[in-house]
Ligand code: CP
């Protein structure tokens with residue numbers, strides 16, 4: 001399959017192949033396509049990590065990068081997402097990376113667009129490259145997924161990171177648990193595996209903290225940041241209870257002193273900036289896969 005829309009569409013073998021390729025890129029592997037290729041980055045929602053790590057990955061692969069500016073584009077004249085992407089395809093773009101606030105925005109694209117679409121995040125839906133970089137970070141740390149205890153903490157309901165990670169980690173044999181305010185739990189995901197923060201830190205190999213997604217809340221959902229931190233946050237006291245080889249992850253951006261104590265962001269257990277570094281290698285692997293598959297389709301007629 002040429003697109004990467006959700007992690008669900010990838011078989012375990014494909015996931016492990018992408019991780020292996022990404023590991024090689026992280027160790028300095030060089031690959032560039034045989035001929036000039038153009039990739040457009042369309043970000044209809046704010047982003048720092050995803051947008052710039054895709055751009056770094058594209059430049060490392062020798063791709064021609066087209067950064068789509070929503071504010072100065074014909075989207076402002078009412079052009080649809082489909083017509084925008086169809087236009088980019090018509091002028092010779094070889095792949096698109098899209099972040100969009102609408103869940104499953106790609107459903108309206110897949111039938112008519114014949115260049116690879118890489119999902120950089122859709123609403124509360126999916127974030128497959130974040131999931132892959134999280135997996136790479138865990139694989140580098142533990143060398144396996146089977147039997148790992150991963151606790152995903154926080155705004156589960158509004159988090160595309162939680163959705164993507166919970167699905168694939170279970171498939172790869174990890175034990176996935178959830179913690180955070182109960183109104184933010186999605187029962188279809190949690191399925192009885194709810195633990196308190198004080199329980200979680202005792203047995204977790206990975207504490208995966210999530211940002212509170214204020215922009216996706218219809219009304220104010222926490223009374224105070226301090227109270228949230230004390231009940232649901234990774235405090236300095238809770239970090240001291242964690243197992244010696246356990247790690248802390250967070251997709252970022254971070255609300256310091258809310259979901260995690262500020263001084264823990266760069267503590268010895270934190271892999272938060274390692275995740276960001278891994279994001280470049282994962283995106284190189286994903287882009288290579290998309291562009292190579294496109295080439296194979298053409299060659300096979
Ligand atoms: N983790 C993540 O997706 O960060 P950005 O929103 O900055 O891309």
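Cβ atoms here come from the backbone N, Cα and C positions, even for glycine.
Under the heading carbamoyl phosphate binding site, TrEMBL lists 49, 50, 99, 127, 130, 252, 253. Its Cβ placed at the centre, residue 252 (carbamoyl phosphate binding site) has 16 other Cβ atoms within 10 Å. Under the three-state DSSP scheme, residue 252 (carbamoyl phosphate binding site) falls in the coil class.
What TrEMBL lists as L-aspartate binding site is 77, 160, 211. Of all Cβ atoms in the protein chains displayed, 23 besides its own lie within 10 Å of the Cβ of residue 160 (L-aspartate binding site). According to DSSP, residue 160 (L-aspartate binding site) sits within a helical segment.
Residues annotated as domain 'Aspartate/ornithine carbamoyltransferase carbamoyl-P binding' in TrEMBL: 2-140.
Residues annotated as domain 'Aspartate/ornithine carbamoyltransferase Asp/Orn-binding' in TrEMBL: 147-288.
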Taken over the domain 'Aspartate/ornithine carbamoyltransferase Asp/Orn-binding' (147-288), the model's mean pLDDT:
92
These are the binding-site residues: 49, 77, 99, 127, 211. Which one scores highest on other Cβ atoms within 10 Å?
127
Expressed to the nearest Å, what is the distance separating residue 211 (L-aspartate binding site) and residue 130 (carbamoyl phosphate binding site) at their Cα atoms?
14
Which binding-site residues from the set 99, 160, 211 have a C-beta atom lying less than 6 Å away from ligand 1?
none
For a three-state summary based on DSSP, what are the helix, strand and coil counts in the domain 'Aspartate/ornithine carbamoyltransferase Asp/Orn-binding' (147-288)?
63 helix, 22 strand, 57 coil
List every residue in the same chain as residue 253 (carbamoyl phosphate binding site), at least 6 positions away in sequence, whose Cβ is under 8 Å from its Cβ.
48, 49, 211
In sequence order, which same-chain residues at least six apart have a C-beta under 8 angstroms from residue 130 (carbamoyl phosphate binding site)?
50, 121, 160, 161, 164, 251, 279
